[in-house]
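Peer 1: Sharing the features that Swiss-Prot gives for it:
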type: SIGNAL; residues: 1-19; note: signal peptide
type: DOMAIN; residues: 20-59; note: domain 'Chitin-binding type-1'
type: DISULFID; residues: Cys22-Cys37; note: disulfide bond
type: DISULFID; residues: Cys31-Cys43; note: disulfide bond
type: DISULFID; residues: Cys36-Cys49; note: disulfide bond
type: DISULFID; residues: Cys53-Cys57; note: disulfide bond
type: DISULFID; residues: Cys98-Cys160; note: disulfide bond
type: ACT_SITE; residues: Glu142; note: active site, proton donor
type: DISULFID; residues: Cys172-Cys180; note: disulfide bond
type: DISULFID; residues: Cys279-Cys311; note: disulfide bond
Amino acid sequence: MRAFVLFAVVAMAATMAVAEQCGSQAGGATCPNCLCCSRFGWCGSTPYCGDGCQSQCSGCGGGSTPVTPTPSGGGGVSSIVSRALFDRMLLHRNDGACQAKGFYTYDAFVAAASAFRGFGTTGGTDTRKREVAAFLAQTSHETTGGWATAPDGAFAWGYCFKQERGATSNYCTPSAQWPCAPGKSYYGRGPIQLSHNYNYGPAGRAIGVDLLRNPDLVATDPTVSFKTAMWFWMTAQAPKPSSHAVITGQWSPSGTDRAAGRVPGFGVITNIVNGGIECGHGQDSRVADRIGFYKRYCDILGVGYGNNLDCYSQRPFA
């Protein structure tokens, strides 16, 4: 399906995920948007801000606590999305025709979210709802089993797949830092369709699992699967901000961003995820599909969509 598409741009520009982003591994560089620099030279929020954090460990003021703003009151992500709402949003994920039937559980979603401080808990209630809607929308597009005349509509069929169909490559790029394990393939798996060894490696390191040796965990352990998607969501990959920073209003576009049409909103998240393929060339059905999921989920959660939903006129990030 679209498993390999998510990181295709990264493959064309290998420095995106192969080289470290900050700290001693990157000439002392600091992370954008006041993110922590982990001991391994990667930008993000918890767990990047723990032991060995190199810089901005409590935002741009130093220290050793997580950079993500203190979540608002009201509990974790379960206070925004109940089990019943989750089932309503991902209405047909357990349909008999879906490859992922029974895999993507509410409990796994909540458990994974609790490992990423700030996910679905940053800001006021509307901001929190909008983040969950945006995350589930982007990942629903990546895993959709819907079609135009599907029962309950195309946007009720997110999370139908958990791994790429018909993969013709093992997605192994030679890398000293993220070496491929013998006999393993790194095709798209999970909600974000994680692809390539140079993404499995840092994702696994961030969540404490060796995904280079055990990539199948992304399609067999639902909590690990959700965690890889949330790692992608919460992690900035310069010059891209994190999707979390965008949807929670923490990202301020630079002059270069504004000149490229990249302004805050759901559209720039699509640009982060797959802009090199989908953005900057006018109307695109894939962008429209992502927006369709997003609007449905916002409607279910009772929150406005915000502005700038598409990336039709945005230049992709370099």
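Cβ coordinates come from backbone N, Cα and C, glycine included.
Keep in mind the model is a prediction, meaning the values are calculated, not measured.
For the listed features, I'd like the structural context: burial, neighbours, distances.
Peer 2: Here the domain 'Chitin-binding type-1' (20-59) returns a mean pLDDT of 71 for the predicted model.
Taken residue by residue with DSSP, Cys43 (disulfide bond) is part of a strand. All protein chains considered, the CB of Cys43 (disulfide bond) has 30 other CB atoms within 10 Å.
DSSP gives Cys36 (disulfide bond) a strand state. Neighbour count (other Cβ atoms within 10 Å of the Cβ, all protein chains): 30 for Cys36 (disulfide bond).
Over all protein chains present, the Cβ of Cys57 (disulfide bond) has 20 other Cβ atoms lying within 10 Å.
Under 8 Å, Cβ to Cβ, and six or more positions away along its own chain, Cys98 (disulfide bond) finds His92, Gly145, Trp157, Tyr159, Cys160, Phe161. According to DSSP, Cys98 (disulfide bond) sits in a coil region rather than a helix or strand.
Residue environment of Glu142 (active site, proton donor) contains 26 other Cβ atoms, counted within 10 Å of its Cβ in all protein chains.
Counting only residues at least six positions away in the same chain, the Cβ atoms of Cys180, Lys184, Ser185, Tyr186, His196, Asn197 sit under 8 Å from the Cβ of Cys172 (disulfide bond).
Neighbour count (other Cβ atoms within 10 Å of the Cβ, all protein chains): 28 for Cys279 (disulfide bond). Cys279 (disulfide bond) carries neither a helix nor a strand DSSP state and counts as coil.
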Peer 1: Whole-number answer please: how many Å between the C-alpha atoms of Cys36 (disulfide bond) and Cys57 (disulfide bond)?
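Peer 2: Spelling it out, the Cα of Cys36 (disulfide bond) and the Cα of Cys57 (disulfide bond) are 5 Å apart.
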Peer 1: Using a 10 Å cut-off between Cα atoms, which of these recorded positions sit near Cys57 (disulfide bond): Cys22, Cys37, Cys49, Glu142?
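Peer 2: Hits: Cys37, Cys49.
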Peer 1: At a 10 A cut-off on CB-CB distances, which of the disulfide-bonded residues Cys31, Cys49 has the highest count?
Peer 2: Cys31
Peer 1: Within 10 Å of Cys53 (disulfide bond) (Cα to Cα), which of the recorded positions Cys31, Cys37, Glu142, Cys279, Cys311 do you find?
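Peer 2: Passing the 10 Å Cα cut: Cys37.
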Peer 1: Could you state the CA-to-CA distance between Cys279 (disulfide bond) and Cys22 (disulfide bond) to the nearest Å?
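Peer 2: Their Cα atoms are separated by 28 Å.
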